[in-house]
Amino acid sequence: MRGERLAPYVLVAPAILIIVALRLWPLALGVNFSFTGDGDRDGAVVGLDNYIDLFRDPLFQTALRNVGLLVLLLPIAVAIPGLLATFIYLRVPGHRFFRSVYFFPAVLSPVIVGAIFNLLLAFDGPLNAVLGTVGLGPVDWLGDPDVAMFAVVGVHIWATFGMALVVFLAGFATLDGALLDAARVDGASLPQVIWHVIIPGLSRTIQFVFVTTMIGMLTSMFGLLYVMTSGGPEGSTYLPEYFIWIQQGQMNRPALASAASTVLFVIMLVVGLLQLSLLRRAVKES
Amino acid sequence: MSRTRTSRWLVAVPMGLLALATIYPLLFTGNVAMKTRREYVLDRFSLAPAARWDNIVGAWTSVGMGRYFLNSVVVVTAAVVLLLLLGSMAGFALSQIRFRGSSVLFLGCLAALFIPFQVIMVPMARVMADLGLIDTYPGLVLVYVAQFLPFTVFLMTSFYRTIPPEIIDAARIDGNSVYGVYRRIMLPMGTPALLSVGILNALFCWNDVLIALLMMPSAEHRTLMVGVTALRGQYSADIPTFASGVLIAAAPVLLLYLFLQRQIADGVTAGATKG
């Protein structure tokens, strides 16, 4: 009988041990590590020196500026799948086909997506060839510091809008169809239906998509950056995650990288706490 | 009525163009993989004269994509099997058994969900180096398991909560131990969730590049995605070979998508609505 009492602990032990040892413990280790030195000062406590270096580092400043850019572009990255999901929900001709085609890039690795767009966006590549025939361009999509970040974010949105679309459609499934029918009978136009019925009805889904899209932009663009621009040209496409990788792997400054990790974690925490509060509300409502 | 029908078609046209823009890049890549270098340089858009597999065979054999493919298959399979095993065990205990500390442990898993790999990358590299696990298959598998376990435990717990406790009580009265209930009831009843979580985890691990780059520095241990990034440097002048490598890396995901699209979408939305 004693064995039976222990059983739940035996069942959870492997998972809990791994999560504690390789997720929670490294987090504490990393924060601690960010207050120690690199190179000659390895292991010595240096207070906030890494953080001071970090915020003076022009590449990290660019990374933070680019995070700001992502926040500005966030409404677009949410509105596009939201609008497309609305049309699919309203059964435009071919809606099933659109749904499965749009979702497809979302399952591809950022590496594959980045490699394909490396081909398409090359200076002597197909997109510029097409633009050339209509008398435009050529644009140095990945080589112009003013353009490259927009190109990479554009590719990221292309690759991930299907994910948000599917989440929106799951939200639509919970929407009261009678409300929509009533609005239609009353002769409401599409913008009116969206504004007065769909947005209020899907507020939880919309908030959720905002948070997950932001998290996706902060944590799943490494593959694209690595393949498409390697942070260039002139360091213009740095994001915190790429900065961490370079400082840890190439520059041999792990303590500085840890400080950048901690800053990224604080950004994520703000986003994550937002998500947790949404989750709690969702649990209460259901 | 006719007015709405016309407007529906007006919406369908741009949506169709967007659909084209969504699949065209992959079709383009597939077409390039079938062309010779000369054909590509002369005309990027022309259709390959025939379905030629030379470039793909070349990328598979001489460029090493075959080796990388095998590495990925081994690592992803091991990681997914472990994730499903540990995730379902923990999910069962956390959802169906009352025991001291269960809610704290569940909250711990939930907290770990919010720690992206980038944030713990540096200490992780240290810990793995101390354990002598850098550049080993078990090391990479372990990091994947650690990375996706919180998500797996969370989804399995949510799924097992929907199983009525009466079923477990009945199995216990029939003389099953807790482990017997896990093996004879929870595992078989969990199949739909295990399938969907398993597919998602397989995608996550297959598609990862950051963890693999960090854990597997030597060339013969490359996973397929790292192989693609290496290909970009080495074959930047040989676009058809490059495209072939990309195609090899995308093919399993494409097949998975064609046959299991429903389960993938369900998994994503389950993750979305529950976590």
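Numbers run from 1 along the shown chain.
Every residue gets a Cβ built from N, Cα and C, even glycine.
Keep in mind that TrEMBL annotations are predicted by a computer and have not been checked by a curator.
Since we're looking at a predicted model, the values are computed, not measured.
Long-range neighbours of the transmembrane segment (B:9-28) within the same chain, counting only residues 6 or more positions beyond its ends whose Cβ lies under 8 Å from a Cβ of the stretch, are 250, 254. Per TrEMBL, transmembrane segment is recorded for B:9-28 (among others).
TrEMBL lists B:68-92 (among others) with the feature transmembrane segment.
As annotated by TrEMBL, domain 'ABC transmembrane type-1' applies to B:69-260.
The feature transmembrane segment is assigned by TrEMBL to B:104-125 (among others). Long-range Cβ contacts of the transmembrane segment (B:104-125) within its own chain (Cβ-Cβ under 8 Å, at least 6 residues beyond either end) map to 90, 94, 134, 143, 147, 149-151, 153-154, 157, 210-211, 214, 275.
Same-chain neighbours of the transmembrane segment (B:137-160): 71, 74-76, 78-79, 82-84, 86-88, 90-92, 94-96, 106, 109-110, 112-113, 117, 124, 128, 131, 186, 190, 192-194, 197, 201, 204-205, 208, 211-212, 215-216, 221, 223, 267, 270-271, 274-275, counting only residues six or more beyond its ends whose CB sits under 8 Å from a CB of the stretch. Sequence annotations record features per position, and here TrEMBL assigns transmembrane segment to B:137-160 (among others).
Look at TrEMBL and you will find B:193-219 (among others) tagged as transmembrane segment.
Listed as Cβ neighbours of the transmembrane segment (B:239-260) (distance under 8 Å, sequence separation of 6 or more from its ends, same chain) are residues 26, 29-30, 32-37, 40, 55-56, 58-60, 63, 65, 69, 199, 202-203, 206-207, 224-225, 227-228, 231-232. Marked as transmembrane segment by TrEMBL: B:239-260 (among others).
Non-local neighbours of the transmembrane segment (B:68-92) in the same chain are 60, 109, 137, 140-141, 144-145, 148-149, 152-153, 155-157, 159-160, 181-182, 186-187, 190, 194, 197-198, 201-202, 205-206, 221-227, 248; each lies 6+ residues outside the stretch with a CB under 8 Å from one of its CB atoms.
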